[in-house]
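Participant: Before anything else, here's the structure in question.
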There are 2 protein chains.
Amino acid sequence: MKVAVLGYGTVGSGVVEVLMTNQESIEKKAGERLEVKYILDLRDFDESPFKDKFVKDINVILEDEEVKVVAEALGGVEPAYTFVKGALLKGKSVVTSNKELVATHGPELLEVAKNNQCNFLFEASVGGGIPIIRPLNNALTADEIYEITGILNGTTNFILTKMKTEGRSFEDVLKEAQELGYAERNPEADVEGHDACRKIAILASLALGEHVDYKEIFTNGITQIQKEDMDYATSLGYSVKLLGSCKRTDDGIYASVQPTMIPQNHPLANVEDVFNAVLVKGNMVGDVMFYGRGAGKLPTASAVVADIIDAAKHKQTNIMCFWSREKVALEPYEGCKATYFVRLKGNAVSNEQRVQEAFGKVECITPLKEDEYVFITERAPIQELEEKLNNLKDIEVISKIYMEK
Amino acid sequence: MKVAVLGYGTVGSGVVEVLMTNQESIEKKAGERLEVKYILDLRDFDESPFKDKFVKDINVILEDEEVKVVAEALGGVEPAYTFVKGALLKGKSVVTSNKELVATHGPELLEVAKNNQCNFLFEASVGGGIPIIRPLNNALTADEIYEITGILNGTTNFILTKMKTEGRSFEDVLKEAQELGYAERNPEADVEGHDACRKIAILASLALGEHVDYKEIFTNGITQIQKEDMDYATSLGYSVKLLGSCKRTDDGIYASVQPTMIPQNHPLANVEDVFNAVLVKGNMVGDVMFYGRGAGKLPTASAVVADIIDAAKHKQTNIMCFWSREKVALEPYEGCKATYFVRLKGNAVSNEQRVQEAFGKVECITPLKEDEYVFITERAPIQELEEKLNNLKDIEVISKIYMEK
């Protein structure tokens, strides 16, 4: 079977490497030999051993009937969307690691694939090499999933882990992450939570069977987290993690990306460094967690190639995937019930009564720093908690972090 | 589609419950309504709302052409084997949670299924509700798996967790586990490692594509673990876990079930209580871990029903599964390189020189009890370590535990 790879960056070159390295076992599992016929890239790779395979025109690939699977590793919505749709319309299966493309056009591309007896597969778009899309599609099918929560971004998890274990500031660790190549020079997509937001949108859509629009997900990054917050978390037996989450509650469906304090015995609390993990809660199976490297050339490429193998095993057969265009009506996040960990400037003398007036009962925490008043609120809708914080008026809020008890 | 359930014990009744509770979402995912037509059990259930479905003769099920899927939840090799083979020969797909049946007759039953255009599926036989069989079969296909290691038995993990956190003895916690229904009155299958042994045999067979005979797996239970061992482990930053493991090394393939000290930052170290987890190492994807409830009525039934849904989606199509009858040649376990944690009776004066003569360099550990001499050996073949321990002759070995550094 002939394969075309779109984009020869980190993931694209990884796909070629995985196909070469494990050629023999892959052939056995796919039931036939998989061969890269084309690599699409605008750059020249004259020194590459595959230099004969490079093309610059997508039409060469689209018009070649021998090509049955296209692995898209361009990233971004365009031209990926146009190329992918073009391939599907020709009956070529497409596999991709492109979370932005999937979050934006997933249901449409799945429909196009179905109408053309081919497949649109995207295991690599969330959690790198961790199998999570496939288990949602074909393993946890006996369950109604009422929550899916994950550490979905390796860069921010690396930063939070270092802040915690080495007592360093966000800015300081970010710099190291950039030097190590874990963070981009412009780190916004990671540290502001946008990357995790696309990924939880994909997972939530699959769990619910309908489209969760990433633009409607309440998203907050980790730039406001201070190293002192980490010390408090540790002393309370908690960890601070950037969690993407979608929950079905009695009040409706909520989705968010935000730094969250979780108890140390929470399955996600010990997921450290660049690792990712996804926790799925089903009404029958209970808690199930998937853990592994959420990024990186070979782990991501491994997932792309597993999808290529699946495409080879399902020629002319559409693998069912429930993700309709119908949009999920998310509840406004302000209504979601939450517990806040709050640090205020001042001390008991200046603050205790004011806090009590505003919040009623709270759990006071012994401050680790001078001139701080620290407490944990009761559980209440976020809107209500924010109003209460506003009622403190002139008392400066040093930090507030969402807490899962 | 009509389904028959064999055995109305914990798992069998759970299967009926899951099919009822999530009927609507299951119908959507299976593409048709799934209906339990028969329940096979020798006992009478006159009070059951399903009393009309009970039969005592397997032939009623085998001869009914409407029954397309049989869910086997009898446990044990016979009569399960005969019933399952009979169903497959009639072209009925079989799904099972029966690890003993799968470990013993897996490759043959897969062959029978293939020859009769139906499926033999066994997601529930390992790790209860955790999707692990399916990911090995269809997600991690781009990788060559060089290690698979898991906490595969909830009873022993519960006991080890309690021994560690509450400083109690094995016998004491076992009694509690029996009272809670987590352990059988005859706990041998769990505490001696036989249950974990069947499960790692299944996982190893799927990872290698050939048959790993569970009878050839070096198996050691947790009955020898003392509460003091737990204290040492904790003070060294380790946890003691009963691990089933199969590794491909430069010296060959080793498989074992044994209590193992693993560092606290090991992904399996924080898997507590009755939870199970399986760590898979692939040459491309790196470490991937699957975590969840390894037993229990509904989690196990959830996996059985997911298999029923898969069977419904693959009528007349055999889902490829690589597990040939050809037997894997495991290396004799004595040759496997290991590190031992050793506690001897005596003190430095009486033991230091003798230990040095026998073992050469060792890492001495400050004893937590009087009249003990504690050390960690260098890495060496187990046979060699055992010989060295024998050379200590009259010095009493209080305990020795395999250690993963």
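Count begins at 1; order follows the chain as displayed.
Heads up, the Cβ atoms here are built off N, Cα and C, so glycines get one too.
Relevant sequence annotations retrieved from TrEMBL are reproduced here:
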- B:L6, B:G7, B:Y8, B:G9, B:T10, B:V11, B:G12, B:S13: NADP(+) binding site (BINDING)
- B:7-123: domain 'Aspartate/homoserine dehydrogenase NAD-binding' (DOMAIN)
- B:K99: NADPH binding site (BINDING)
- B:131-309: domain 'Homoserine dehydrogenase catalytic' (DOMAIN)
- B:E184: L-homoserine binding site (BINDING)
- B:K199: active site, proton donor (ACT_SITE)
Participant: Other than B:L6, B:G7, B:Y8, B:G9, B:T10, B:V11, B:G12, B:S13, which residues of the same chain sit close to NADP(+)? List them in sequence order, counting a residue when its Cβ is within 8 Å of the Cβ centroid of the site.
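Facilitator: My list of surrounding residues reads B:V5, B:G14, B:V15, B:D41, B:A73, B:L74.
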Participant: Measuring Cα to Cα, how many Å separate B:K199 (active site, proton donor) from B:K99 (NADPH binding site)?
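Facilitator: That separation, Cα to Cα, works out to 6 Å.
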Participant: Can you tell me the CA-to-CA distance separating B:Y8 (NADP(+) binding site) and the residue listed as 'L-homoserine binding site', as a whole number of Å?
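Facilitator: Just about 18 Å between their Cα atoms.
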Participant: For B:K99 (NADPH binding site), which of these binding-site residues sit within 10 Å, Cα to Cα: B:L6, B:G7, B:G12, B:S13, B:E184?
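Facilitator: Hits: none.
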Participant: Out of B:G7, B:G9, B:G12, which of the binding-site residues is least crowded by other Cβ atoms within 10 Å?
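Facilitator: Among the binding-site residues B:G7, B:G9, B:G12, the sparsest Cβ neighbourhood within 10 Å belongs to B:G9.
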Participant: I need the CA-to-CA distance for B:S13 (NADP(+) binding site) versus the residue listed as 'L-homoserine binding site', whole Å please.
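Facilitator: So the alpha carbons of B:S13 (NADP(+) binding site) and the residue listed as 'L-homoserine binding site' sit roughly 19 Å from each other.
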Participant: Would you report the average pLDDT that the model assigns to the domain 'Aspartate/homoserine dehydrogenase NAD-binding' (B:7-123)?
Facilitator: 97
Participant: Does DSSP give B:G9 (NADP(+) binding site) helix, strand or coil?
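Facilitator: It is coil.
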Participant: Between B:T10 (NADP(+) binding site) and B:E184 (L-homoserine binding site), what is the CA-CA distance rounded to a whole number of Å?
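Facilitator: Spelling it out, the Cα of B:T10 (NADP(+) binding site) and the Cα of B:E184 (L-homoserine binding site) are 13 Å apart.
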Participant: Reduced to three states, what secondary structure does DSSP give B:E184 (L-homoserine binding site)?
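Facilitator: DSSP call for B:E184 (L-homoserine binding site): coil, neither helix nor strand.
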Participant: How big is the gap, in Å, between the Cα of the residue listed as 'L-homoserine binding site' and that of B:G9 (NADP(+) binding site), rounded to a whole number?
Facilitator: 15
